[in-house]
Amino acid sequence: AEVRLSRRRWVVLLLFSSYSLCNAFQWIQYGSINNVFVRFYEVSAFAIDWLSMSYMLTYIPLLFPVAWLLDKRGLRLIALAGSALNAVGAWVKLGSLKPHLFPITVLGQVICALAQVFILGMPSRIASVWFGSHEVSTACSIAVFGNQLGIAVGFLVPPVLIPNVEDVEKLAYHISIMYFMTAGVASALFILVIIVFQEKPPNPPSRAQALIQSRPPAEYSYVQSILRLLHNANFLLLMVSYGLNVGCFYALSTLLNRVVIQHYPGEEVNAGRIGLTIILSGMVGALISGIWLDRTKAYKQTTLAIYIMSLVGMIVYTFTLSLGHLWVVFITAGVLGFFMTGYLPLGFEFAAELTYPESEGTSSGLLNVSAQIFGIAFTISQGQIMDHFGTKAGNLFLCSFLFLGTVMTAFIKADLRRQQANLENEQT
């Protein structure tokens, strides 16, 4: 098949990033003002933490059915399902504007968590199907960029829209504004997906993609693909180390409001801004790392360097949190976010290289399952450690696992199969 790039590829990427943004916003919108929702719904802080952890828990059993659906039915169906569930979940939450209606909020959040299953594994697949070999890592970074921007907005907007007022009726009014805005945006994006989103471009964008598209469907077995991935030692090392890093990020994001309020009482808005700083600097890191990978193809070296800096950033953040200066926390959190969030697209792209010609949806999905499992374990464990031993002990707990992940990353061999396939086809 003739290799040619489609102009529509940037529109598809932007649309995916947008509804991924909306879904990520709904993940963190409760955690960023944990104490306000605890008072409004009259539940424990742990119950509000579970609204965030429901995203992680839902993903684990549903990854394999959704990854199978992605391979059998393609990108368009997955995009429609993800954006539709995201809009439905947002509208359901509008039915929970009374303190006793917390179960309705849980239902809406679980529907949004279902939508996330159709979103998280898509970046590397969209990048491979729509983008050329010289821009695939940048495209994957931009796709992840949308999700991270959603988390950033989730840290910034709720503390501004929902002030910590005593009057429950006023609180309900402010919460309703946030719910209405989210539902409206999610519905508009769903309509755009119906109109704009296509399965794949008319021509394959790279030699590696042309090879995959020319393969007869009978040759592909989903179960065999998973078994081959689980026998790939380099991929297994990456899967566990990716889970450790991203699991730490999930715990850090979910518990950030509690950590900051404990050291700086009454600073809910600044807690959100610190979260925003982590994500914005991470988005810059993700974009830079994607462009760097496209130019150098130094997957192993870049991944290891970013992992080491994530560990260093976490240690510095841990020991400067209690100094009593918020501006110091902003700086250290920003540095931590640059490396820790910047690691996300690196993991997806490194996995696609190590596992070619297996489906990118399957390899990304397994990375995300690892991240969700560690995310739940770390969030619960760090929360308990903080309650009994303080925030420093909780953060040191995360540092120990980042160190383990750094060691595991050092043992991964750079078996870049996708790059090799592109080179061999160009020579042929």
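Going from the start of the chain as shown, residues are counted 1 onward.
Positions of Cβ are set from backbone N, Cα and C atoms, glycine also.
In TrEMBL, annotation is done automatically, which means it is predicted and not curated.
Record features (TrEMBL):
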DOMAIN    12-417  domain 'Major facilitator superfamily (MFS) profile'
TRANSMEM  12-30  transmembrane segment
TRANSMEM  50-70  transmembrane segment
TRANSMEM  77-94  transmembrane segment
TRANSMEM  100-124  transmembrane segment
TRANSMEM  136-157  transmembrane segment
TRANSMEM  177-197  transmembrane segment
TRANSMEM  235-253  transmembrane segment
TRANSMEM  273-292  transmembrane segment
TRANSMEM  304-320  transmembrane segment
TRANSMEM  326-344  transmembrane segment
TRANSMEM  365-381  transmembrane segment
TRANSMEM  393-412  transmembrane segment
With CB pairs under 8 Å as the measure, which of the listed stretches 12-30, 50-70, 77-94, 304-320, 393-412 comes out on top against the transmembrane segment (235-253)?
393-412
Cβ contacts under 8 Å made by the transmembrane segment (365-381) with residues that lie 6+ beyond its boundaries:
49, 52-53, 55-57, 59-60, 63-64, 66-67, 120-121, 226, 229, 235, 238-240, 242-244, 246-251, 254-255, 347-348, 351, 397-398, 401
Give the one range among 77-94, 136-157, 177-197, 273-292, 326-344 whose Cβ atoms make the most pairs under 8 Å with those of the transmembrane segment (100-124).
77-94
Intrachain neighbours beyond the transmembrane segment (12-30), with Cβ under 8 angstroms and 6 or more residues off its ends:
37, 48, 51-52, 55, 79, 82-83, 86, 89-90, 109, 112-113, 115-116, 119, 122-123, 126, 130-131, 139, 142-143, 145-151, 153-155, 157-158, 178, 182, 185-186, 189-190, 192-193, 196-198, 253-254, 275
Roughly where does the domain 'Major facilitator superfamily (MFS) profile' (12-417) sit in mean pLDDT, to the nearest integer?
86
Cβ-Cβ under 8 Å with the transmembrane segment (177-197): same-chain residues at least 6 beyond its ends:
11-12, 15-16, 18-19, 22, 25-26, 29, 75-76, 79-80, 83-84, 86-87, 89-91, 93-94, 97, 157-158, 161-162
Does the transmembrane segment (326-344) make contact with the transmembrane segment (77-94) through 3 or more Cβ pairs under 8 Å, each pair 6 or more apart in sequence?
no
